[in-house]
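A short write-up of the structure that comes next.
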Amino acid sequence: MTLKYEMQLLDELPMIYSCCVFVYCLYECFKYKNTVNYALLFLLITYSVVVSIVYLDLKEPVFHQIMYGTLVSIIVLRSVYIVLWVYPWLRGLGYTSLTVFLMGFFLWNVDNIFCDKLRALREKMPPVVGAVTQFHAWWHILTGLGSYLHILLSLYTRTLFLKHRPKVKFVFGIWPVLLVEPPKNL
């Protein structure tokens, strides 16, 4: 196993596991406290383990991309359901997180497909311009931001369901955080 492949594994396998956590949270956000969906947990853990074993054996990035894309599609479908039919006033947050995430996903695929050509092009550019065209880095930045926004959406959805009063506030006017007030006593 080469160092490049080992680094790629460290980069890619956690994507599967973290997406499985997202899937679980989104499908369980409308459940009452102290309940566990063991069937869904088993399914997601099995999916993660099987994908990991097959990916380690095949060493084929396209397999990983398809398995990851499947999880992302499940997350997107559930999120769209939530912002269209359950909490429509969360559309802005939902669509923003999705757009930012998909921009990162798009750049990741561009980087995977055109890596050698982009590397050759970067060598001819000034260092600052070359750094900005590191699409794999943009993938991490944008999907990280999109995931953070999606966590806010999930937390907002869950706290609303539990009858709390969540509010999105902006630190320094730009960074969104979720503040949660306890439910009002009637």
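Note: Cβ is positioned from N, Cα and C throughout, glycine not excepted.
Curation plays no part in TrEMBL annotations; they are all automatic predictions.
Listed as Cβ neighbours of the transmembrane segment (13-30) (distance under 8 Å, sequence separation of 6 or more from its ends, same chain) are residues 37, 40-41, 44-45, 47-48, 51-52, 55, 64, 67-68, 71-72, 74-75, 78-79, 82, 86, 147, 150, 154, 157-158, 161. As annotated by TrEMBL, transmembrane segment applies to 13-30 (among others).
The annotation transmembrane segment is assigned in TrEMBL to 37-56 (among others).
Using a Cβ-Cβ cut-off under 8 Å and counting only residues 6 or more beyond its ends in the same chain, the transmembrane segment (62-86) has close neighbours at 12-13, 15-16, 19-20, 22-23, 26-27, 29-30, 47, 51, 54-55, 93-95, 97-98, 101, 105, 109, 112, 150, 153, 157. What TrEMBL records for 62-86 (among others) is transmembrane segment.
The transmembrane segment annotation in TrEMBL covers 93-110 (among others).
Feature annotation from TrEMBL assigns Zn(2+) binding site to His136, His140. All protein chains considered, the CB of His136 (Zn(2+) binding site) has 15 other CB atoms within 10 Å.
According to TrEMBL, the transmembrane segment annotation covers 137-157 (among others).
Applying an 8 A CB threshold to same-chain residues 6+ apart, the list for His140 (Zn(2+) binding site) reads Gly104.
Through the fold, the transmembrane segment (37-56) approaches residues 9, 12-13, 16-17, 20, 23-24, 27-28, 31, 63-64, 67, 71 of its own chain, all at least 6 residues removed from its boundaries and within a Cβ separation under 8 Å.
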